[in-house]
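The structure appears right after this line, and notes come after that.
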Amino acid sequence: MSQTRGKYDFCIGLVLAMSSSIFIGGSFILKKKGLLRLARKGSMRAGQGGHAYLKEWLWWAGLLSMGAGEVANFAAYAFAPATLVTPLGALSVLVSAILSSFFLNEKLNLHGKIGCLLSILGSTVMVIHAPQEEEVETLDEMSHKLGDPGFVVFATLVVIVSLILICVVGPRHGQTNILVYITICSVIGALSVSCVKGLGIAIKELFAGKPVLKHPLSWILLLSLTVCVSTQINYLNRALDIFNTSIVTPIYYVIFTTSVLTCSAILFKEWQHMAADDIIGTFSGFLTIIVGIFLLHAFKDVNFTLANLPLSLRKDDRAANGTLLSPYDSFNDDEESSACLGEMQSTESLSARRNGSLSAF
């Protein structure tokens, strides 16, 4: 019976995690479009400390979408271990990349499509080899876990690093270095996941009729989660306003996932009972996701598609065989390249007009 219940919880957590990724991926697009509209109006930008985005309905739509995603994510952590839920956040990167190509005129080329496939493959491998966390059923057990010396040291380091980045490094380098604001969001996100896990246990106990509201840990976790999420929203808005969405999203995913996996390993001791093949599989899956995300965004400005792949292969074969191109061949290649480029530009202009009509609303 317990094994059947475990599989049922696994499926629920998986579906909720995937739904969360879809909502969160869409929220990046809505927020970015809202911030771009404010920039066109001449309002003070969020990257400069402005809060005019609070009057923009598109930004609020993005916030509601992210809220729905976080609620689904919240519920997923209550049913499944963090090492299952967190890697599936890569799907939000894919959703964001695909929607960006339609609504923000950010291209998705051949490298990006391969990166999407690699990210999905890596997520699948991580789900298969996900470690099992220690069972924590009550708030008293969670309180004992939070009081573990290893977690106390980790949480203290996270708070110290975050305060240094916010108070010292941010005002000096936040406008030019993309890692500053994203690192703040990511490391604080590790603590927010721990709070979510504890509150999920509290909600389960509440439905079981236990006096959860009288337990001080419930209110401590709720207050901590509010502070963490507010800080994350603030600095994520700044990063999105200053830098390109397709750069912010993957870097945020990699640092955030690394922070959560580290925090979860310290808090729940997930790696102590893992076999060697599961450890290798987990790290291999995570590295595959990183490579996929790198391909997805590092070459996003390169106009390389399946349409011009045969032409590139012919040129490479001729160069490898040492064959000199005649003036006639060079003219034909240039003519084919021009035709291919003209076709791509025509397609891009149609896409731009389509996206332009959408962005007008």
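Cβ from N, Cα, C; glycine included.
According to TrEMBL, the protein has these features:
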- 12-30: transmembrane segment (TRANSMEM)
- 57-79: transmembrane segment (TRANSMEM)
- 85-104: transmembrane segment (TRANSMEM)
- 111-130: transmembrane segment (TRANSMEM)
- 150-171: transmembrane segment (TRANSMEM)
- 178-203: transmembrane segment (TRANSMEM)
- 215-235: transmembrane segment (TRANSMEM)
- 247-267: transmembrane segment (TRANSMEM)
- 279-299: transmembrane segment (TRANSMEM)
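With pairs at least 6 apart in sequence, the transmembrane segment (150-171) and the transmembrane segment (111-130) have fewer than 3 Cβ pairs within the 8 Å limit; the two do not touch.
Residues 58-59, 61-63, 65-66, 68-70, 72-73, 75-80, 84-85, 88-96, 99-100, 103-104, 127, 240, 245, 248-249 of the same chain lie 6 or more positions beyond the ends of the transmembrane segment (12-30) yet place their CB under 8 Å from a CB of it. When Cβ distances are compared across the two stretches, the transmembrane segment (178-203) makes contact with the transmembrane segment (57-79), since 3 or more pairs at least 6 residues apart fall below 8 angstroms. Counting residues 6+ beyond its ends, the transmembrane segment (247-267) has Cβ neighbours under 8 Å at 28, 81-83, 86-87, 89-90, 92-93, 96-97, 133, 145-146, 148, 150-151, 154, 158, 178-179, 182-183, 185-187, 189-191, 193-194, 236, 239-240, 286, 290, 293-294, 296-297 in the same chain.
Non-local neighbours of the transmembrane segment (57-79) in the same chain are 9-10, 12-14, 16-17, 19-24, 26-35, 37-38, 85, 92, 193, 196-197, 199-201, 203-204, 229, 233; each lies 6+ residues outside the stretch with a CB under 8 Å from one of its CB atoms. With a threshold of 8 Å between CB atoms, the same-chain residues lying at least 6 positions outside the transmembrane segment (85-104) that come near it are 13-14, 17-18, 20-22, 24-26, 28-29, 32-33, 69, 73, 76-77, 112, 116, 119-120, 122-123, 126-127, 130, 193, 245-246, 249-250, 253, 256-257, 260-261, 264, 285-286, 289, 292-293, 296-297, 355, 358-359. Away from its own ends, the transmembrane segment (215-235) comes close to residues 63, 70, 139, 142-143, 146, 162, 166, 170, 181-182, 184-185, 188-189, 191-192, 195-196, 198-199, 202 of its chain (Cβ-Cβ under 8 Å, at least six residues beyond either end).
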